[in-house]
Structure formats: C-alpha cells, structure tokens
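TrEMBL has this to say about the protein:
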ACT_SITE  ASP60  active site, for OMPdecase activity
ACT_SITE  LYS62  active site, for OMPdecase activity
ACT_SITE  LYS62  active site, proton donor
ACT_SITE  ASP65  active site, for OMPdecase activity
BINDING   ASP12, LYS33, 60-69, THR119, ARG181, GLN190, 210-211  substrate binding site
DOMAIN    6-226  domain 'Orotidine 5'-phosphate decarboxylase'
Amino acid sequence: MLPQERIIVPLDVPDLESAIAQVETLPDVTFWKVGLELFVSAGPAILDYLKQHNKRIFLDLKFHDIPNTVAGACRAAIKYNVDFLTIHASAGKEALQAAVETKQASTAPPKLLAVTLLTSINDRSLAFDLQVPIELPEYILKMAMLAQENGIDGAVCSPQEVAKLREVCGDNFWLICPGVRPEFADNGDQKRVMTPKQALNAGADYLVIGRPITQSETPQLIWQKICQEIME
Ligand SMILES: O=c1ccn([C@@H]2O[C@H](COP(=O)(O)O)[C@@H](O)[C@H]2O)c(=O)[nH]1
C-alpha cells in the first residue's frame, strides 16, 4: 500500500453537494470517511457516489446502543458494502458480540472497529466529567482489549495510545487514528494529538486527517505536503 493510501479524509460536510465538491477537490484521496453529519443529511447516496468513483469507505456512525439495536444497525450498515464500520467499545461486551455475530452472518462484511475513547476527551474530562476512576491510558487499553476479546477487528484510538495498543493487541488488530495534526495545524477540539509521521511511526495502520486539509484554503497542496512528510 502506498503511504498516502493510509490517510483517510472525513467528509464532515452538511450535504451531498458539498461532499461531492470535496471529493472532486481532492482527486488523489482514495479513502473517505462518512460520519454522522453527512449520513444523517444525505443517506446512502454518498456511499453510492463514492463506490462509483472507486473510493474506499469508512462509515463512521459510532453505534452505541443496546445489543439488539446495535445488531440491527450493523445489519443495515453492512448491506452498504463499506470497508470500515464503527461501534463504541463502551457499548459493552454484549453489544460488541452482537455486532460481531451480525458481521459473521454477512457475505461481504466490513472491518468492525471499536472507538476506545473519543480523541476530544483528555485525562481531566475522563476523570471529572465522565467520572471514570482509572488513568486514561489504562482505560483505553481496557476498551481495546474488551473489543479484541469479543471479536472486533480493530480500534479507533489517538496516536498517543497506538504504540501501547500495538504492543498488547498485536499486528492482527487494525489501529486507526484520528487526532492527527501536522505541526502547522490547529488542534481545534482534538485533545490527544500527534503529527502524521509520529502516528505512523508509533504503529497506526490508518490516519484520519480532516480539517487541516479540508478547511485549508489550498486543500490539494496541504494533502500533498502531508503525503510528502509521511514518505520522507
Ligand atoms: O475518537 C475519535 C473518533 C472519530 N473521530 C472523527 O475523525 C475525524 C477527525 O477530523 P479532524 O477534522 O481531523 O479533527 C472527525 O470526522 C471525527 O468525527 C475523531 O476525531 N475522534
């Protein structure tokens, strides 16, 4: 795989027209992420468009519900024939198992990824807002292990945790990192960040990089700059 094929760009836009415009602006991007904003607005039409243009798809709907509802949502999403699909690890063991059972009953299943802890959460908000009484790195490791033990294919984590998860979960567990910021970019609401090169060196399989590219005045130039950086 070429290094630039390891960068997933989110289509965090309000409608189908804006999504198509963004894909056209970045013709070299091979892997796009469709999240809640766009899917709630445009529905599966955006998935059809991406498939027609031979793009890979990360459907990032982050399911978090009771097992029966998660199973039903996975069954519906799997029909779209996407590459990656997300569920929150904190939905719990039975919901993770329900997602995996649904996937196993399908002929062309996506990789199921468990979100360990949103990259917008830091140690302080984990302790004081969410009242989780263990240290952040330990919590993330526990979420990844819960996912792996129950048959999930990989985890979404920040680059700051990826080396530890790689060491513990091994090479047959996909590690996908949002919270990636080139030196020149603002962190925005991302709290646990590293640069693209640091994230890949730490063991990430794929990086999700959005606003530093898509909200720049020159998205194609920034894309090329990031690709250059990770190839050096
Ligand atoms: O923990 C998570 C899980 C998902 N995301 C998603 O990744 C992108 C990041 O976009 P940026 O513009 O690069 O911040 C976005 O679509 C999130 O929904 C995440 O950031 N953290």
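Keep in mind that glycine also has a Cβ here, set from the backbone N, Cα and C atoms.
Whatever TrEMBL says is automated annotation, not expert-curated.
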Secondary structure of LYS62 (active site, for OMPdecase activity) (DSSP, helix/strand/coil): strand
Helix, strand or coil at THR119 (substrate binding site) [DSSP, three-state]: coil
Recorded positions close to ligand 1 - of ASP12, LEU61, ASP65, THR119, GLY210, only those whose C-beta is under 6 Å away: ASP12, THR119, GLY210
Top Cα neighbour of GLY210 (substrate binding site) in the set of active-site residues ASP60, LYS62, ASP65: ASP60
Candidate with the highest Cβ count within 10 Å, taken from the recorded positions ASP12, ASP60, ASP65: ASP60
